[in-house]
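What follows is one structure encoded as structure tokens, with my remarks underneath.
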Amino acid sequence: MQSLIGTGVALVTPFKKDFSVDIEALQRVVNFSIDGGVEYLVVMGTTAENATLTAEEKELVINTVIDVNKGRLPLVLGVGGNNTMQIVEELKTRDFSAFEAILSVSPYYNKPTQEGIYQHFKAIAEASPVPVILYNVPGRTASNMLPSTVIRLANDFDNVVAIKEAAGDMAQALKIIKDAPKDFLVISGDDMIALPIVLAGGAGVISVIGQGYPKEFSEMIRLGLNKKAVEAFKTQYFLSDCIDMIFEQGNPAGIKQVFQALGITENTVRLPLVSVDESLAERINDFVKNSIK
């Protein structure tokens, strides 16, 4: 899918200081990413703090992004969880007309076997009216979707079109790139190794830092896709300290501090997450201040 090549950003859900959803700030976040040149937007991913949003708030965020985007960029909707039947029901009842694809995380907490993971995504693929992006993030799910399972799904279902690979394991990403069907996309879910994955044949990234530095990060990925490694790595090295910092005390606390430093949103997150401490906030603020040209 050409629309999923390049940089997608996993949008935050901005909160006011009273922890209510800040719609005006969300509008600014969406426009900042679009104006910065990213290729697509991901709604209701992990970075959106969807686990601590009510059903009504989720719909508010989704509809706001659709309205602000106005069809300018492709949209991907996060539809995942550890209750397969519930996900299948959502896929059968929700209107997906505004979305290019869904992003579906491997089941967390239950710790399924590889066969369980396969059967979970088989049910999703058979129910989904739009293409499916698998999402492997073992640091959050406690179970790693192995390359053999990914490749099996890619071969068995035409609408399983990509994986967001966030195991942080280059060897694993390379095996999927090597063995998956020709048109299957390997999308990095790790900002720090996104460029190496792209240079190795990956299709791009679903990024966190990319919404704070959309122009720089998306251009870096485009350079990588065009095999202009030396030029691309200049941006990689420029942003590497900030990438480390935004994950130091958890996501999305770090990227929300970047947004606060940019004057786009508050840095508020909902419990059980907490905002970054004063020391890290100061370091992030200094980076942002010194990076503004």
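The backbone N, Cα and C atoms fix where each Cβ goes, glycine too.
What Swiss-Prot records for T46 (among others) is site 'Part of a proton relay during catalysis'. Under 8 Å, Cβ to Cβ, and six or more positions away along its own chain, T46 (site 'Part of a proton relay during catalysis') finds A10, G78, V105, V137, R140, N251.
Look at Swiss-Prot and you will find T47, I206 tagged as pyruvate binding site, backed by sequence analysis. In the three-state DSSP assignment, the secondary structure recorded for T47 (pyruvate binding site) is helix.
When Cβ atoms from all protein chains are considered, those within 10 Å of Y109 (site 'Part of a proton relay during catalysis') total 11, not counting its own. For Y109 (among others), the entry in Swiss-Prot reads site 'Part of a proton relay during catalysis'.
In sequence order, G80, L103, S104, V105, S106, I163, K164, A166, G189 are the residues near Y135 (active site, proton donor/acceptor), counting only same-chain partners six or more apart with C-beta under 8 A. Secondary structure at Y135 (active site, proton donor/acceptor), as computed by DSSP, is strand. What Swiss-Prot lists as active site, proton donor/acceptor is Y135.
Taken from Swiss-Prot, the feature active site, schiff-base intermediate with substrate covers K164, and the record attributes it to sequence analysis. Neighbour count (other Cβ atoms within 10 Å of the Cβ, all protein chains): 26 for K164 (active site, schiff-base intermediate with substrate).
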Task: Pairwise CA distance, I206 (pyruvate binding site) versus Y109 (site 'Part of a proton relay during catalysis'), rounded so that it is a whole Å - done: 23
Open item on the list: Measuring Cα to Cα, how far is T47 (pyruvate binding site) from Y109 (site 'Part of a proton relay during catalysis') in Å?
Closed with: 18
TODO: Identify, among the binding-site residues T47, I206, the residue whose Cβ has the fewest other Cβ atoms within 10 Å in this structure.
DONE: T47
